[in-house]
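The structure under discussion appears below in the form of structure tokens.
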């Protein structure tokens, strides 16, 4: 057993008391990103090692793995703690997003270790979508690279406001203050073009040697700031969704017997209480909240991020994908929107194409009306393009098959985030963040009914020799 964990349990007076204490700790989700070989996996391994979160059998296995797959000679290769795929260990790189969990006396953490290779940028975007802070690693020998800029832009695009720039491998530049200062100035020059109000911090460190990771480095007396762990433990995270109006997307209708009918899902933003008047969109029907059912029993009030089942006073027609909000709020349905897109497929995104769209439990179809621009990651300039290639990032105009209730992604990631799904292969090919919904007055209405479009898709899928045209794509 982990001796630190055993000591913590003993200090709390038993397992039950320790678990209660864990529930009251704040949780920080963060990711590590940067260019390939900047030391992301090694940094996470060092954090786990120096906070003594590794079990004895894991440490023994790490010693053996370091001899077989390690790249650090006689030293422990801490990157092997998170590089779990065989291909990752053989190549010495991260391919998939690896999640790790650890806690200190002050906070709980969920880490997403994301790939650095450009071809795995889509994996990085996936990891960033649920995080509140990003650690951007920079190799002190190389400085700010294209992938550093790319990952910085994607992180801010996905709503991350806290960036920790970890200038790694300081041991390979003799712990030079001049090198640290130069890289910091280079990054700040670039960061001035990033959108939003950002909290940017810089930490010089060596993940391999442990300098400024969990303890202060004696090799860099010129740095008097916080260690990386201290930054993670003390950064104040203000969730945007807490201050936003109530949004409750219905995931499914919970009807275990004839006496109970509830609507299950996660409260995306705001708060809801028993007796509150709510409105169902897109129907516009209103009712009152009779009960709020949770895993721990009925509650009088719940807040954003909690999984709940709402029971209403009236028997009304509600299905998966519908949205509940405060009755006094006017939120019109829209049929068009401009969307920031991270494209994840080999086949480029082009105007005229149509895809299945999934947003907050709702699935519908959308047509690409046009691509306004693609962002040049090197300097964040916008350039006109005919299509959006793999790993491309740009602003796209979409028209949906039916009216949808949308928020801007920066206001509400749940009701403003969507994915593109290929209609034939059912593969996720892109991620979208609603930039601006277009009012219903200017949105184009669909020429065909949902039944006609579904029938058209089935005919083209099963009888391609008939040569039926794509109704949504050809409009």
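Note that Cβ sites are derived from N, Cα and C of the backbone, with glycine treated the same way.
Remember, it's a predicted structure, so these values are computed and weren't measured experimentally.
Quick look at what Swiss-Prot annotates:
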| type | residues | note |
| --- | --- | --- |
| DOMAIN | 25-239 | domain 'tr-type G' |
| REGION | 34-41 | region 'G1' |
| BINDING | 34-41, 113-117, 168-171 | GTP binding site |
| REGION | 92-96 | region 'G2' |
| REGION | 113-116 | region 'G3' |
| REGION | 168-171 | region 'G4' |
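Of all Cβ atoms in the protein chains displayed, 16 besides its own lie within 10 Å of the Cβ of residue 37 (GTP binding site). When secondary structure is read from DSSP and collapsed to three states, residue 40 (GTP binding site) falls in the helix class. Within the group of binding-site residues (34, 40, 170), the Cβ with the highest number of other Cβ atoms inside 10 Å belongs to 40. Residue 170 (GTP binding site) carries a helical DSSP state (H, G or I).
Residue 114 (GTP binding site) is surrounded by 26 other CB atoms, counting those within 10 A of its CB over all protein chains shown.
The secondary structure of residue 34 (GTP binding site), as reduced to three states from DSSP, is extended strand.
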